[in-house]
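Reading through the structure tokens given below for one structure.
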Amino acid sequence: MTTTQLGLQEQSLWSRFCCWITSTSNRLYIGWFGVLMIPTLLTATTCFIIAFIAAPPVDIDGIREPIAGSLLYGNNIITAAVVPSSNAIGLHFYPIWEAHSLDEWLYNGGPYQLIVFHFLIGIFCYLGRQWELSYRLGMRPWICVAYSAPVAAATATLLIYSIGQGSFSDGLPLGISGTFNFMLVLQAEHNVLMHPFHMLGVAGVFGGALFAAMHGSLVTSSLIRETTEVESQNQGYKFGQEEETYNIVAAHGYFGRLIFQYASFNNSRALHFFLGAWPVVGIWFAALAVCCFAFNLNGFNFNQSILDAQGRPVSTWADVINRANIGFEVMHERNVHNFPLDLASGDAQMVALNAPAIEG
């Protein structure tokens, strides 16, 4: 009898926990994905803050010349970063217990893997939590579909690129100037600007910003006034009101006359789908571009593709970009002292045909 009562009590406690986790009445929805999201994001955030402030230098190239990335080792908020794991580690999973000591783990950049893996798990769970809450509320699932674009971009940059290049040392440094360094190296090694997927990503991000500004300004300019001239028009809106807050017919007429008729949407649902889909698809392509770079499917090479009647190359902007890429690549590997393949793969030039005679 006692065993039965304990079982019922435990079941009741578990049922209450399940109801609390999945309740949409909480101020913040937790959900089953949140059970994993909260500890992983807290772990990633805590480790990032500590490493950004106080992590010792990391031997990123695996040649015993460590790079200092934290604030306490002389960096400022612009130059500080969590330095990627050492090239000596490569793609090996490197948790704390794999190192002989904590000092060794820090020297080889262990915090980078800890932060990246926990962060990725956290944002995956955040995506799942968005779907879960939409499901509980009876909403359509497109919010998590839209969020999949930045999740795909983060996954491609932090994980797929490192896997394709064969080492986490090629990953994105977690800092401001480290991000810029990563971008320059990515351009040098993969000709990012000449890749069509990157071009689509740029069109998605900048186009999305343009369309958002156009939509916001049109709506703000065609609000239905519910207040006097001396009051803010925002006071005329009541949360949850059934009436339209702006005149879509006026906005449609204005924009159709400003450009041409069919450039303007006459369906509010189609308009907002377009506003959501354009940047999402663009960022999907940007993530695909990074996945291509990971496996060295680089941008187009149009170097010296135009020749004059004598066969001499006529320089284009593609050649200008190529010269910049070579310069970036020469500066990239600080202590390896290797020439970029563009310079090292040419035919050997004879500098002396006859050795001078040495009089003994």
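The count begins at 1 with the first shown residue.
Quick reminder: no glycine exception, Cβ is built from N, Cα and C everywhere.
Per Swiss-Prot, quinone is bound by Ser264, Phe265; the candidate from His198, His215 named for the same site is His215. The distance from the Cα of Glu189 ([CaMn4O5] cluster binding site) to the Cα of His215 (Fe cation binding site) comes to 39 Å.
Outside the transmembrane segment (197-218) by six or more residues, the chain places 251, 254-255, 271, 274-275, 278-283, 285-289, 292, 299 with a CB less than 8 A from a CB of the stretch. Closest to His272 (Fe cation binding site) by Cα-Cα distance, out of the binding-site residues Tyr126, Asp170, His332, is Tyr126. Rounded to a whole value, the Cα-Cα separation of Tyr126 (pheophytin a binding site) and Asp170 ([CaMn4O5] cluster binding site) is 26 Å.
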